[in-house]
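These notes concern the structure reproduced below.
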């Protein structure tokens, strides 16, 4: 697999989106505190800290594992960088530095030597690690952040520029990290078919984006109805996701403590979207997952319609209800099209969907990670 100039430019775009998302989140939190909305400001900062702390833990554990595999001792500077929340930036620095050399310096040769192939593989693996960390942060911080911004927008009936920017950037970050993760993951594993072409990528993007948007708007409506019920539902779904991860006995981390943290993160991700967490056929689990999602969404809409609580006028709520229903239907349609037409493994018979219990030739932690 070759790390091209286009791939390098997309990697640069990835860090631009990451920095923009970070700046906008800080801007929104400051704005909340400035306007006296301390609860929203504290929640915004809490989501940011929760996401980045988990990401730094995984990043540092991978640095230690890589150094140990290379026969080197763990360096204190890496620990300090991660304590200062600079682990992702450190990884981007090394990945882009090596990626530029590989993409621009070594691209003139037509035939690659074994050493050049190894350098391409090393850069791809570095970018894949980054895509995994960005996926973690997107769902741990970006998804709750988007729910919060939508809630404040609907509660106030208007939004300032920072909130519009936060909603837009969060949608871009979620979309980008999800697709980039899927593409990078398949590149890093030699026995996986690649997700090639614009149609498969955009179909996968719209499937995730529409189903996520529908569910988040449904959560926002439930928050307006009763905050306690909404939090109970989310915590219950999170608990079910954790139980599912334990039942499937994921094997992503070397240590027991990090594996436990990984399963907690997997459960949180499953609260918002479906991922295959074990090497098996996922038709039945996915079917059950989205049946429950549809029933939950319809139930929330029905309860909100019959509830005597009136938070916004009927015309305003009508548009929100139509948006929820339409995005859910579109998301399911794109899901069917993706798995029926564009999925890389659609022509392979009786083969497990992807990942966890399956051994690959390359010694790569990605073979134990989430996949579609």
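Cβ coordinates are placed from backbone N, Cα and C, and glycine is handled just like the others.
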Quiz item: According to TrEMBL, which listed range is transmembrane segment: 204-224, 351-371?
Solution: 204-224
Quiz item: Taking 164-184, 287-306, 318-341 as candidates, which has the most Cβ pairs under 8 Å with the transmembrane segment (204-224)?
Solution: 318-341
Quiz item: List, by number or range, the same-chain residues at least 6 past the transmembrane segment (164-184) whose CB is under 8 A from its CB atoms?
Solution: 10, 13-14, 17-18, 20-21, 24-25, 27-28, 124, 127-128, 130-132, 134-135, 137-139, 142-143, 145-146, 149-150, 153, 194-195, 201, 204-205, 208-209, 212-213, 371-372
Quiz prompt | Chain residues outside the transmembrane segment (40-63) and at least six past its termini with a C-beta under 8 angstroms from it | solution = 25-26, 28-30, 32-33, 74, 78-79, 82-83, 85, 87-88, 91, 129, 132-133, 136-137, 140-142, 144-145, 148, 152, 253-255, 258, 261-262, 265, 365
Quiz item: Which listed range (12-34, 229-246, 252-275, 318-341) shows the maximal number of Cβ pairs under 8 Å with respect to the transmembrane segment (287-306)?
Solution: 318-341
